[in-house]
Amino acid sequence: MTAADRFEDSFRLSVAPMMDWTDRHCRAFHRVLAPHARLYTEMVHAQAVIHGDRQRLLGFDASEHPVALQLGGADPAHLAQAALIAQDWGYDEINLNVGCPSDRVQAGRFGACLMKEPALVAECIAAMRDAVTVPVTVKCRLGVDEQEDYALFAAFIDTVAATGCTDFIVHARKAWLQGLSPKENREIPPLRYEWAHRLKRERPQLRIAINGGIATLEAIHAQLAHGDGVMLGRAAYHDPYLLHRADVSLYGGAERERAELLRAWRPYVETQLAQGVALKHLTRHVLGLFHGRPGGRAFRQVLSEGAHRAGADWALVEQALAVTANARRAA
Ligand SMILES: Cc1cc2nc3c(=O)[nH]c(=O)nc-3n(C[C@H](O)[C@H](O)[C@H](O)COP(=O)(O)O)c2cc1C
């Protein structure tokens, strides 16, 4: 399979962009668990890409491919410039955030409030597409505030698709811009998968990935009967072994044990430790690996108590694995 085919195929399973969570260390860990999935960065504002510390904001490990940068912003020229910079850094895709409802983001008139401005989104996507050769994609909601109409949502997609953009990730609920926190906006507005399914049915030429509340293998397969891909957010983060099982289930291969997977991440960890990265920044992403398993709590406890100590290194991870194995034997 060529790199291009691998990239195409990775649309079927992806890990959502999540601020403070899907940083490069998290993505490197997820890559070990899910060799075929597409990984998304946290949202980075276009202006930060242009003016900020690029190594910190854009740097990633080669193992992370296929990896997409998610941009925030609403200025076509800035987004185009940021997209080009990201392409030069080696990102496989540039994604525009049309789903974040935080106050900070609304103050900047980007994120979810762009659902009300399809023409501006189209202008942004057109500018980005002109600037780069890698795919430019959109992650959006079903609508915002009082928008309750499938036809409005479909019209938003059509306006953006008229630029030539074919790939959409639909977080299948709307967002309330006033009165709900971002966290509540991931829970309170009801999921309406059927809107995403209908979109795909009516516009088979578009590729639609479905996001929101997908947390089991059964749910993943059920969604793939209607869409081209699934994007996992919180479930992948809190229960990373699910991500592994999803990758195996969709792409084949043999399931590996949790401890084996973690040890496969060790070379990455050692490289980062040697560069002065503290263990806690790495291991915070693995705390859920034994989620729901005997010993899962012990694993989490050993790592969260020990990883912040000066000089903490891989030995602590082995200690956590040993305590976990003992707890399992005792169970
Ligand atoms: C901690 C956290 C941070 C998030 N940050 C982003 C972000 O930067 N960009 C974005 O498009 N969505 C963001 N989201 C939303 C997720 O990408 C996803 O759409 C949402 O969590 C629903 O999927 P899930 O039910 O599988 O978690 C974030 C979600 C969480 C939990």
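Here the Cβ of each residue, glycine as well, is placed from N, Cα and C on the backbone.
Record features, source TrEMBL:
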type     : residues                                                                           : note
ACT_SITE : Cys100                                                                             : active site, proton donor
BINDING  : Pro17, Met18, Met19, Gln70, Lys139, His171, Asn211, Gly212, Gly213, Gly233, Arg234 : FMN binding site
DOMAIN   : 15-317                                                                             : domain 'DUS-like FMN-binding'
SITE     : Asn97                                                                              : site 'Interacts with tRNA'
SITE     : Lys183                                                                             : site 'Interacts with tRNA'
SITE     : Arg186                                                                             : site 'Interacts with tRNA'
SITE     : Arg297                                                                             : site 'Interacts with tRNA'
SITE     : Arg300                                                                             : site 'Interacts with tRNA'
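In this structure, the binding-site residues under consideration are Lys139, Arg234, and the one with the smallest number of other Cβ atoms within 10 Å of its Cβ is Arg234. For Met19 (FMN binding site), the number of other Cβ atoms no farther than 10 Å from its own Cβ, over all displayed protein chains, is 15. Taking the Cα of Arg234 (FMN binding site) as the reference point, the closest of the recorded positions Asn97, Cys100, Lys183, Arg300 is Lys183. Comparing C-alpha positions, Asn211 (FMN binding site) sits nearest to Arg186 among the recorded positions Cys100, Lys183, Arg186, Arg297. When the Cα atoms are compared, Pro17 (FMN binding site) and Asn97 (site 'Interacts with tRNA') turn out to be 9 Å apart. For Lys139 (FMN binding site) paired with Arg297 (site 'Interacts with tRNA'), the C-alpha to C-alpha distance reads 34 Å. Taken in sequence order, the recorded positions Met19, Lys183, Gly213, Arg297, Arg300 that lie near ligand 1, meaning a CB under 6 Å from one of its atoms, are Met19, Gly213. Long-range C-beta contacts of Arg186 (site 'Interacts with tRNA'), restricted to its own chain and to partners at least six residues apart, with a cutoff below 8 Å, comprise Gly212, Gly233, Arg234. Its own atom aside, the Cβ of Asn211 (FMN binding site) has 26 Cβ atoms within 10 angstroms in the protein chains shown. Arg300 (site 'Interacts with tRNA') sits 30 Å from Cys100 (active site, proton donor), counting Cα to Cα.
The FMN-binding residues named in the record, Pro17, Met18, Met19, Gln70, Lys139, His171, Asn211, Gly212, Gly213, Gly233, Arg234, extend over a maximum Cα to Cα distance of 20 Å.
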